[in-house]
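According to TrEMBL:
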ACT_SITE  His63  active site, proton acceptor
BINDING   Asp64, Val67, Gly69, Asp71, Ser73, Glu85  Ca(2+) 1 binding site
BINDING   Pro160  substrate binding site
BINDING   His190  heme b binding site
BINDING   Asp242, Thr244, Asp249  Ca(2+) 2 binding site
DISULFID  Cys32-Cys112  disulfide bond
DISULFID  Cys65-Cys70  disulfide bond
DISULFID  Cys118-Cys315  disulfide bond
DISULFID  Cys197-Cys229  disulfide bond
DOMAIN    22-319  domain 'Plant heme peroxidase family profile'
SIGNAL    1-20  signal peptide
SITE      Arg59  site 'Transition state stabilizer'
Amino acid sequence: MSLLNPHLILYLLLLTVVTGEILRPRFYSETCPEAESIVRREMKKAMFREARSVASVMRLQFHDCFVNGCDASVLLDDTPNMLGEKLSLSNINSLRSFEVVDDIKAALENACPATVSCADIVIMASRDAVALTGGPDWEVKLGRKDSLTASQKDSDDIMPSPRANATFLIDLFKRFDLSVRDMVALSGSHSIGQGRCFSIMFRLYNQSGSGKPDPVLEPVYKKKLNKLCPLGGDENVTGDLDATPHVFDNQYFKDLVSGRGFLNSDQTLYTSRETREYVKRFSEDQAEFFKAFAEGMVKLGDLQSGRPGEIRFNCRVVNRKHNDVLLVS
């Protein structure tokens, strides 16, 4: 058998990089051994400055990975030639704390220039957001490249709205080989953080076009939300996604069982026959929820587009083109 020629070998190496086959734990153990500790240190700083910020950073993994894979495209600013994902319907006035990622990137560039991708930063920071607020810790697989582009349209077409029901969510996650159990567990990311009144106005005043509130809302909780989000009020006001918004625990699922889910897409997990049993199980067994959540986050992190990428020096902008050729270090 003849030896493979050098050009074919290079092609196979490029294919391996962009399809994600090299993702592995401790990817930076030689090139940037302090990478994971630097990310966690910066996340601790962010949490001390503003407790909500770590939950906001965690959301970036969901909004990034669902849209053409985990490639940090969600971090890119718009350019004259590109409408990015930050202003898509599911992200505008919702995704935040991009400056935390900027701080992490700056610290990593200072320690290990042009080595750690923004895509990997999102994965590590999301894990740390959970671990630092009392949730599970897990080993992340790393080695991603950063996207050369972003697409507002792709984000609009893929990301679910707060009005989504369980059936829609099941079908969406299935497209990415994520099971019903994965979907319910990953919805538990709403154990920390806040949501805007904008996302629940229809539930409070016009559920399904009825002109009435969602009948499954627990009465006392509904009054609380009415006070927080009155008709005609500021819809950018935020409310807690569960009763313990700064602690990652299974309270989120307990709230769903009690009719106190903030978002329609949350509460529907308990009212739907297909997902109800998982909600009950996670509400009763926090350890099982933590295990399922960590497994789901690893699977979510495996999503990749197979497109060429780079290591960005700044997470908000694409590096200058290298004659449209992907350079692999």
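Any Cβ shown, glycine's included, is placed from N, Cα and C.
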- Other than Asp64, Val67, Gly69, Asp71, Ser73, Glu85, the chain contributes near Ca(2+) 1 (Cβ within 8 Å of their centroid) the residues His63, Cys65, Phe66, Asn68, Cys70, Ala72, Val74, Ser147, Ala150, Ser155, Ser305
- Message: Quick check for you: of the recorded positions His63, Asp64, Cys229, Asp242, Thr244, which have their Cα within 10 Å of the Cα of Cys70 (disulfide bond)?
- Response: His63, Asp64
- Query: Looking at Cβ-Cβ distances, which residues of the chain lie under 8 angstroms from Cys229 (disulfide bond) while being 6 or more apart from it?
  - Reply: Cys197, Ile200, Met201, Leu204, Glu235, Val237, Gly239
- Query: Which chain-mates of His190 (heme b binding site) that are at least 6 residues away have a CB under 8 A from its CB, listed by sequence?
  - Reply: Leu241, Asp242, Tyr252, Phe262, Leu263, Asp266
- Query: What average pLDDT does the predicted model assign to the domain 'Plant heme peroxidase family profile' (22-319)?
  - Reply: 95
- Item | Chain-mates of Asp242, Thr244, Asp249 with C-beta within 8 Å of site centroid, Ca(2+) 2 | Ser191, Ile192, Ala243, Pro245, Val247, Phe248, Asn250, Gln251, Tyr252, Lys254, Asp255
- Report, in whole Å, the straight Cα-to-Cα distance of Asp64 (Ca(2+) 1 binding site) from Asp249 (Ca(2+) 2 binding site). 24
- Query: Roughly how many angstrom lie between the C-alpha atoms of Cys118 (disulfide bond) and Asp71 (Ca(2+) 1 binding site)?
  - Reply: 8
- Residues near Cys112 (disulfide bond) in space but at least six apart in sequence (CB under 8 A): Tyr28, Thr31, Cys32, Glu34, Ala35
- Of Arg59, His63, Thr244, the recorded positions lying within 10 angstroms (C-alpha) of Glu85 (Ca(2+) 1 binding site) are His63
- For Val67 (Ca(2+) 1 binding site) and Cys315 (disulfide bond), what Cα-Cα distance in Å is obtained after rounding to a whole number? 17
